[in-house]
């Protein structure tokens, strides 16, 4: 039997930051000194009209198969003797087994990361695993409501395939989930948390603690719901293993340091490394590889894998393989991080934690 218990706020001396709430609107706190605000129409036009894209995404599938291989897998392939293993399913979707508890982050299988099926960012690398081939899932975490992180069809299908699943979401998303028919019957299928709150998930007598954590970002799905739903990162803490997922985020270094001090070290972090150029436009919302390496260090990750790249064209201007190449270059140069690992993996490749 598995169930989430009631949430509890952080009680340590130095608490995590809280979002600012103005009526229906959530905002990043003033302590996020790298937050530059929401890009206005002038900046959006400047991005479209003046910036040159260096993405150079190949149109030839054979080239993509070579540069970004996808290993098709099923639930039967997702196994290991390790107490922690994971596979990247594309973009920000990671399937994790932590001490026998299986969960997924930001499940997105959509062909387009958009409100419509005929426009918007079109997926150029397929998921390595069909929704129907997922193992039985215990829970899922959602970082925010942007279409490349929250796929309504996938959420509904996963719930139908896994009636026992629990969803952990930041403030404001529980109502959206209910509108999709998830938890609409009054069940405890959906647990909604604020930054610095946690919930315990119990399976076969084993307790997993799930933390909702600060992230520097925003939210929106329609024309009139900007920041009506909060954004967050997540930590999943087992008896012996720890996992961290920042979601989408700019570089809020003070909070990353707190996360590392309070909840680290992490055996695995899945850290975004893509969709970051031009910096004048993207810096507030997305870390780049340089900042991702600093996040890896600040949260005290023993191992990290790079995500949020190589899946959808996100309207940014960096070369499509630059996130991977830049990350390797940066890590090769960091003598202070030689005892840790921060790498990229192929979609469908099984990553396993080593014995400690």
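The backbone N, Cα and C atoms fix where each Cβ goes, and this holds for glycine too.
The annotation Zn(2+) 1 binding site is assigned in Swiss-Prot to 144, 146, 217, 248. Swiss-Prot lists 148, 149, 248, 308 with the feature Zn(2+) 2 binding site.
What Swiss-Prot annotates, mapped onto the structure for a quick look.
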residue: 144; record: Zn(2+) 1 binding site; DSSP class: coil
residue: 149; record: Zn(2+) 2 binding site; DSSP class: coil
residue: 217; record: Zn(2+) 1 binding site; DSSP class: coil
residue: 248; record: Zn(2+) 1 binding site; DSSP class: coil
residue: 308; record: Zn(2+) 2 binding site; DSSP class: coil
Chain-internal residues, separated by at least six, CB under 8 A from residue 146 (Zn(2+) 1 binding site): 113, 219, 220, 221, 248
Residue 248 (Zn(2+) 1 binding site), number of other Cβ atoms within 10 Å: 25
Rounded distance in angstrom between the Cα atoms of residue 217 (Zn(2+) 1 binding site) and residue 149 (Zn(2+) 2 binding site): 13
Of 144, 149, 217, 308 (the binding-site residues), the residue whose Cβ has the fewest other Cβ atoms within 10 Å: 149
Chain-internal residues, separated by at least six, CB under 8 A from residue 148 (Zn(2+) 2 binding site): 91, 92, 108, 113, 121, 312, 314
Integer Å distance between the CA atoms belonging to residue 308 (Zn(2+) 2 binding site) and residue 144 (Zn(2+) 1 binding site): 14
